[in-house]
Amino acid sequence: MRSLLSICDIKYEIPEILELATKFKEGKINEKPLEDKTLAMIFQKSSTRTRVSFEVGMNELGGNAIFLSNNDIQMGRGEPIADTAKVLSRYVHGIMIRALEHEDVVEFSKESDVPIISGLTNLEHPCQALADMLTVKEYFKNFNGKFTYVGDGNNVCNSLLLICACIGMNIAVASPEGYEPDKDIIKKANKIAKENNSYVVITNDVEVAVKNASVVYTDVWVSMGDEKEQGKRKKALKKYQVNQKLMELANQDAIFMHCLPAIRGEEVSGEVIDGPQSAVIDQAENRLHAQKAVLYYFLK
Ligand code: CP
Ligand code: NVA
């Protein structure tokens, strides 16, 4: 029984999972491998893509998904994680959780008898990173280019650092001081990248990071849970907007990526996210195909 809480949990299996996702996308797997299986989906935060892609993914694989808003289940009223995990394990075959605190998902996985799949925590967003790499693979056919992340060194950035390191794609992250990615994640990414002969650059210099990039990626400046810091964050990250001028420093065939939801005029200009280099809708579509691969891999 395995869980997917971090990209490190699938360190050596990413190419295989991406291959599977491509097969699902191309309609090459038509069986219903998850017939009679049920996924519980606990959401402590809002979601459009994660919720819908997991639910549709389960249906397309022949199974069922149950949406559990934190406000509606007893855990939201203080029922212990351990009791919730043990009880749900008797009903369902897997549990997807979008949680406020990463530690809660770790505790959940320790107490559960069925696989736990993270649908985002404050530390990581592994399913997003898988869909993102599927998108990069589709656009470039390889991972030889430079992946650049600009802005807040948040959960999405942390998973991207790890996934790039695991597949040996060079990655540069440009964030303002105080908004760099998690220190332990940087350490892990550096170690893994070394094993795969790729590099990890963490800098405050956005121009250095974007120069010669194949992918320019950004995410919101105020993640769910950071709302109290809104003013401070917008000020600190102001110079880290991805706009046309910045995109011009990247390779000519560079793509723009964003996990969505996005705020036009903050982390990205409308011109870029709605422009010809933008891959964001393909990326969002790929959540479904990547999710199906993850569900197949962990629940079958
Ligand atoms: N990218 C992503 O996880 O989107 P949602 O918050 O809509 O699920
Ligand atoms: N970093 C964002 C990602 C949303 C999909 C957040 O955590 O709110």
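Cβ coordinates come from backbone N, Cα and C, glycine included.
TrEMBL annotations:
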- Ser47, Thr48, Arg49, Thr50, Gln74, Arg98, His125, Pro126, Cys127, Gln128, Cys259, Leu260, Arg287: carbamoyl phosphate binding site (BINDING)
- Asn155, Asp219, Ser223, Met224: L-ornithine binding site (BINDING)
- 2-138: domain 'Aspartate/ornithine carbamoyltransferase carbamoyl-P binding' (DOMAIN)
- 146-297: domain 'Aspartate/ornithine carbamoyltransferase Asp/Orn-binding' (DOMAIN)
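On the structure: features taken from TrEMBL.
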residue : record                           : contacts (Cβ under 8 Å, 6+ apart)
Ser47   : carbamoyl phosphate binding site : Arg98, Gly119, Leu120
Arg49   : carbamoyl phosphate binding site : Cys259, Leu260, Ala284, Arg287
Gln74   : carbamoyl phosphate binding site : Thr84
His125  : carbamoyl phosphate binding site : Ser118, Asn155, Val156, Asn158, Ser159, Cys259
Cys127  : carbamoyl phosphate binding site : Leu4, Thr50, Ile117, Ser118, Gly119, Leu120, Arg287, Ala290, Gln291, Val294
Asp219  : L-ornithine binding site         : Tyr149, Gly151, Asp152, Asn154, Val156, Cys157, His258, Cys259, Glu267
Ser223  : L-ornithine binding site         : Asn122, Asp152, Asn154, Asn155
Met224  : L-ornithine binding site         : Lys45, Ser46
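Taking the mean position of the Cβ atoms of Asn155, Asp219, Ser223, Met224 as the L-ornithine site, the remaining same-chain residues with a Cβ inside 8 Å of that point are Leu120, Asn122, His125, Asp152, Asn154, Val156, Val220, Gly225, Asp226.
Not a single one of the binding-site residues among Gln74, Cys127, Asp219, Ser223, Met224, Arg287 has a C-beta coming within less than 6 Å of an atom of ligand 1. Secondary structure at Arg287 (carbamoyl phosphate binding site), taken from DSSP and collapsed to helix, strand or coil, is helix. Across the range of the domain 'Aspartate/ornithine carbamoyltransferase carbamoyl-P binding' (2-138), the DSSP-based residue counts are 66 helix, 21 strand, 50 coil. With a cut-off of 6 Å between Cβ and the nearest atom of ligand 2, the binding-site residues Arg49, Ser223, Cys259 reduce to Ser223, Cys259.
Comment: L-ornithine site residues Asn155, Asp219, Ser223, Met224; largest CA to CA distance 12 Å, whole number. Around the Cβ of Asn155 (L-ornithine binding site), the number of neighbouring Cβ atoms within 10 Å comes to 27.
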